[in-house]
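Undergrad: Per TrEMBL, the feature domain 'AB hydrolase-1' maps to 24-287. Summarising the annotation, TrEMBL assigns active site, nucleophile to Ser98. Residues or ranges marked as active site in TrEMBL: Asp254. Under the heading active site, proton donor, TrEMBL lists His282.
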Amino acid sequence: MDPSEVKKDLYPPIEPYDTGFLKPVAFLHGGPGAGTSPANRRFFDPEFYRIVLFDQRGSGRSTPHACLEQNTTWDLVADIEKLREHLDIPEWQLFGGSWGTTLALAYSQKHPDKVTGMVLRGVFLLRKKELDWFYEGGAAAIFPDAWERFRDFIPEEERNCFIAAYSKRLTSSDPTVQMEAAKRWTTWEMMTAHLIQNNDDINLGEDDKFSLAFARIENHYFMNKGYLPSDSYLLDNVDKIRHIKAFIVQGRYDVCCPMMSAWDLHNAWPEAELKVVPDSGHSAYEVGISAELRSSTDKLRDMLRK
């Protein structure tokens, strides 16, 4: 596609509705623990798509808030399937970013006959090397200023594993300790999510409700290796979804989910179209990323219209 043809603007804000005969697409939010927002609808043509947003367990408007019990990848996969059945949707597209790519891959590999297309942004395969990069000092080489506040909350004798050290505090019986740990964990990620730091995102680290769910649930999943049977599970099962039309959108300078994972997925699944955005980081709302995400959902729309 000629770069001049790429649509730079997202679709206008819309309000939800629950009737009609549009092609369904399920939006799978990140984190885990981030929840959805109305802006998430703007990646899709509202005249074509029936856009389904849902807050995963413990996130957003789901209750109980920030709850870790019965909260695993496979619980969420089952929830997505129950939602599809509840909405009487025979099959649908999936759109996921960051953790949403992990969940999209897990769901589609479990239910490959229910997925007609996928858009995956900022690929996260939940492997040890990805967690080590972001939480054990790798990304600190790029954001040493942001890393210090995350690091300094943990005593030196516990810094051999920051995920485990934060888990101890995020599950503390002292709510004050929980909250401080949550804010530091969330702020670290929000300070690294854009190529050019975004103050609105960084301020989410001071939002008690958001940061508590975001930090507790993320850390819970990462402590448990995403509840995946093996480190390379999602790559090992690509054959199950090879028939599904997919688009991978990856920021070249994504620090949260570095490009190695998108590259590994594309090598295992060359049928999936990979678009590397040269001037972007992790966030879906960076201009180049947003343009490619809308372009991808429009391509799937046009394919379905034929």
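Cβ coordinates are placed from backbone N, Cα and C, and glycine is handled just like the others.
Describe the structural context of these features.
TA: Neighbour list (Ser98 (active site, nucleophile), Cβ cut-off 8 Å, at least 6 residues apart, same chain): Gly30, Gly31, Arg121, Gly122, Phe124, Cys256, Cys257, His282.
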Undergrad: If we count other C-beta atoms within 10 Å, could you say which of the active-site residues Asp254, His282 has the fewest?
TA: His282
Undergrad: Across the domain 'AB hydrolase-1' (24-287), what does the mean pLDDT come to, as a whole number?
TA: 97
